[in-house]
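So that you can see what the record holds, here are the features copied from TrEMBL:
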- 4-471: domain 'UvrD-like helicase ATP-binding' (DOMAIN)
- Ala25, Ala26, Ala27, Gly28, Ser29, Gly30, Lys31, Thr32: ATP binding site (BINDING)
- 472-775: domain 'UvrD-like helicase C-terminal' (DOMAIN)
Amino acid sequence: MAEKQWTPQQRAAIEARGGTLLVSAAAGSGKTAVLVERVIGRILDPEHPVDADRLLIATFSNAAALEMKQRIAARLNTLLAQHPEDARLQRQQMLLARAQIGTIHAFCGSLIRSNFQALGLPSNIRVADEKELEVLRQQAARQVVEEFHSRGEETFLQLVELLSSGRDDSRLFSTLFSLYDFVRSHPFYGRWLEEKLALYSGEVRVEDSAWGQVILSYAADALDYAIAMTGQALEKIRREERMAKAYLEAFYQDLDQLEQLRRTVSGRNWDQICAQLGGFTFAKLRPLRGEDGEKAAVQALRAGVKKLVGDLREKQFCATASQFQEDVEFLRPMVAQLFSLVQAFDRAFTAAKLQRNAMDFSDMEQYAIALLARPEGGGFVRTELARQVAAEYDELLIDEFQDTNAAQEIIFRAVSQNEQNLFLVGDVKQSIYRFRQARPELFLEKKRRYYPYDGAHFPAKITLGKNFRSAPQVTGWVNFLFTQLMSPQVGELDYDREEALQPGAAFPEGSRPACQVRILDLTGEEKHGDKTALEAREVAGQVARLLERGEPVADGDRVRAIRPSDICILLRSPARKAQVYLDALAARGIPVWAEPKNGFLTTREVAPVVALLRVLGNPLRDIDLTAALLSPLFGFTADELAAIRLVGRKLPFYLAVEAKAGQGDAHCQAFLALFRQLRRLAVVATADQVIREIYTRCDYLGKVQVMGMGDARRANLLQLVEYACRYHQSGYKGLSGFVGFVDQLLEREGDFAPASALSEQADVVRVMSIHRSKGLEFPVVFLCDCAKPFNREDLNGNTLLHSELGFACMRRDFAQMKQYTTVPMQALRLELERSMLSEELRMLYVALTRAKERLVITGALTRPGERAAALLAGLDAQGKLPAYLVRGASSCLDWVLMAAAHHPAFGEQLSQWGLVPPAPAAEIPEVEFPLVRAGLAQAPQPPQPAGPEPGQLPALEQALAQKLAWRYPHQALTRVPTKLAVSQIAKGELAQAHRFASRPAFLQEGGLTGAQKGNALHKFMQFADYRRAAQDVEAELARMGSQGFLTSQEVASIDPQRLQNFFTGPLAARIFRSPQVWRELRFLAQVGQETLGPYTSLLEEGGETVVQGVADCVFLEDGAAVVVDYKSDRVQRPEQLLDRYRTQLELYRRLLGSTLGVPVKECVLYSFALDREIRF
């Protein structure tokens, strides 16, 4: 294989030595490959080699850590294959197992476990489950709030009234939790609370306060934009004599007032600014007859300026200097009380967790900081332990540094060697985790401060800008957008040539990259359909056309037809809209998948189990009992429930069931027998054991498997068992406790995370969130729902938090029952809005850079021409768009259209709307801008049957005879079994209705039968540890006997040599190499007119049945499945086995392929009698 060619920047990042390095790696720039190669380079450095376990590598997720470790291991294996005698390579391969490669929390956990005694923690401390923590959190909060209430302090009662809404105190608790979570992402958070409380000292003038400076800065930018807009209007006015006579004087007056106000803002005299805003008036324009584009544009510009000045007057400068002082003095004691409350909650919550030997992720960070650093002044000093830990590592390599929070950054700095051995990798343009308190400004501060890399000066920075993922059409369109949109004000970074993507991917001849912005015009369709549904239907149509045409996509150095799995649909908020897209695609027969986000406990398959668990604790819960009875668990019909109710109309339903059973009803008798057994089990068993028993006794997993999305439903049921296991492992006991825990969760509108049943190889269109797509790539990406307004709900709350500006809230006049916005509140709104928009812009960047060849942006607008006109006001010059204009966007589509206005292709559409497009940009990418008319296809109305003509009614006798003579035309379908086993089909016989699971012990004195010996061999192959067996078969046989997997007779019946022959053979070697192996893989599948052996004739008239089976072993190889069936039949020739099991293997090949979502490339019979494999 040819050696990888690195770019000069990549080579520098790999080989740089001598100090801390920051690598700003753009999307698709090979960041992970560079990181891996640097690790290999450090390990094998000829002058200063570093052992693998002296590198600390921190990643953002466990999956990323695993990928990193696998890549490094693969690289070492490749080098070892080339140099098998290299002792250093052999040593590094061993040390890699000890290397610290993981998340920041994995590192913190290791540090805490090694030093638990220094923190006074129990040695067996664990990371608690999120749901367990939520219960403890609620209990601790209630306890602390009640304690503060009991003191009866006036300040606390005022705080409660200030924060509460209506008759409940939910807002008090939400504020407490928000503040707690927020401060815990800061190092030394007690100091943070002290510093932010000091902002309310009242000794600082409003214009000198941190809050006032934010508002003044915003006002300066806004007025600069207003002056520029007025200047544009004046240019247009001067070009037309009639307009100049009517408008010129008024606009000059506007400009004069704006410039005076701008100078006052620069002078920072708060009250004077308020006075000027209060006296700002716009002169009335003289009448001007006629309508033209320039007149409308001038009026639109002035309307924008009026809106801007009104915003400054009504919102930003919401209080005078004296009112500010009054607000601060009023709020200070309540803010102090709130901060005391959060500290008391911190102590109570921590104590509750420690009682259960538990901690959460923020605890891990704070405990690590306590071990490594002490606050001093405005910074920190390292502890002796920190110096010891730092001495263990020659270099710290931090991936995704842009998503680090303040607490995590302190940890990295503390364990570094005076911050001189850090290798920081990330891309601030992809920082999209502010909701986890990520601080992209930490990355930006270093990027501004570090030297450009020259090999001599450190700390240094290197930019990786070449994109090896996307076609030039995609990178060109991304650069076109973000060069105009992203700035330090919105995006927190200037998207210049250094940040721009440089195309570096090669695509084979025949691929057809393209970019589109598809605007769905909803005009006239507002009343005919849901906006999301209309857009989803349009997108589904586009996807269908791509698949029908077999659109070519690149696959390495060749071109092939597009597959569903090449396509991804991205949504900013898929929780409520993904299902609409799933339905639209499914309606066109397109296989599609979206990760479920919530509703786990109320899913069709899980809810009946939860209901049954409740009833096991209290049989008199009528609603839960009827829900369980009607479900597939017990299969009662509505008619049966009605008959039960008639037995005793006023009885609890359970007693009515007992009464009906007493009348001889077999269904009720069977239910009660099982129910009573389950109740007895529930007294002594854990919740997970009870749930497993329910699944087994009701064959529930098999029943849900044949429902729609059976794999996902089955995975959810198994996930419920896992959650119950975790509950038990957390120290809680009993079924009733688990049911109470679930009910508390539902009361608080909480839920468990659903299981994901999607195979990576599944050939489906994926619908996912932008967050989930980060790090992934797809040949075709649809970014949909772009006209969705930005979510500003968090900005409109009564309390706000900011790392630098602290805490702010509204002020209430308790006497007059009025609420006022304060200067701190308005400042935080401005800054948080800027941060929110910056992150939304980065989200757009992440979404667009997922595409390799085809990128489609879609958005649905009513009267799109009017929206475009509103966006064009103030849009004129080329280059960077004014930050104030970008900040005023209401959706991602607004941003796209603002930038697209400088594209000639979109300019043509603007002209058709009667708008004057601005000058085109200097560099124009290839992009199409189709405008699509939405329209609901009317469903065809079935023809109305014509009534009989008078006199044509048949005789009553004749009609009755015809009805009685009628026979069901598809009698064959009534004989189709509802379920068949593969073994039945293969043998051509119906399964016996009942058989013993095993031969009774008193009949086994003469030894096992041949069938029982075969079963024993199959049990060994199902439960054995294959790797142990490969080393010592007899030891593994003995282990399985001692642990109860096999009886002593079964162990004695198995020939170890037969097993040894298997485990040393080529088939076992293939199994060991496989990335995924299933043993005893159970499956159910619906089949129609397929080859079903002796049952084929039953389906000649159509219909379908369910086939179930169990494959002894299935493993993946080269992206396809290999099915293995173990046989102990005594035969002389391989052909005998093939003839006997040919039908079974054919069914395995067909049905397992559809079940697993991957093709079955091979079926193998392994004969223990012949000691060989037989391929089919």
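Including glycine, each Cβ sits where the backbone N, Cα and C put it.
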For the domain 'UvrD-like helicase C-terminal' (472-775), mean pLDDT (0 to 100): 87
For Lys31 (ATP binding site): DSSP state (helix, strand, coil): helix
Additional residues around ATP, ordered along the sequence, whose Cβ is within 8 Å of the centroid of Ala25, Ala26, Ala27, Gly28, Ser29, Gly30, Lys31, Thr32: Val34, Asp427, Leu464, Asn467, Phe468, Arg469
All-chain count of other Cβ atoms within 10 Å of Ala25 (ATP binding site): 25
Under 8 Å by Cβ from Lys31 (ATP binding site), same chain, sequence gap 6 or more: Val23, Ala25, Asp399, Val425, Asp427, Leu464
Fewest-neighbour residue among binding-site residues, criterion Cβ within 10 Å, set Ser29, Thr32: Thr32
Among Ala26, Ala27, the most crowded of the binding-site residues [Cβ within 10 Å]: Ala26
Under 8 Å by Cβ from Gly30 (ATP binding site), counting only residues of that chain that are 6 or more apart: Gln10, Leu464, Lys466, Phe468
Ala26 (ATP binding site) - helix vs strand vs coil (DSSP): coil
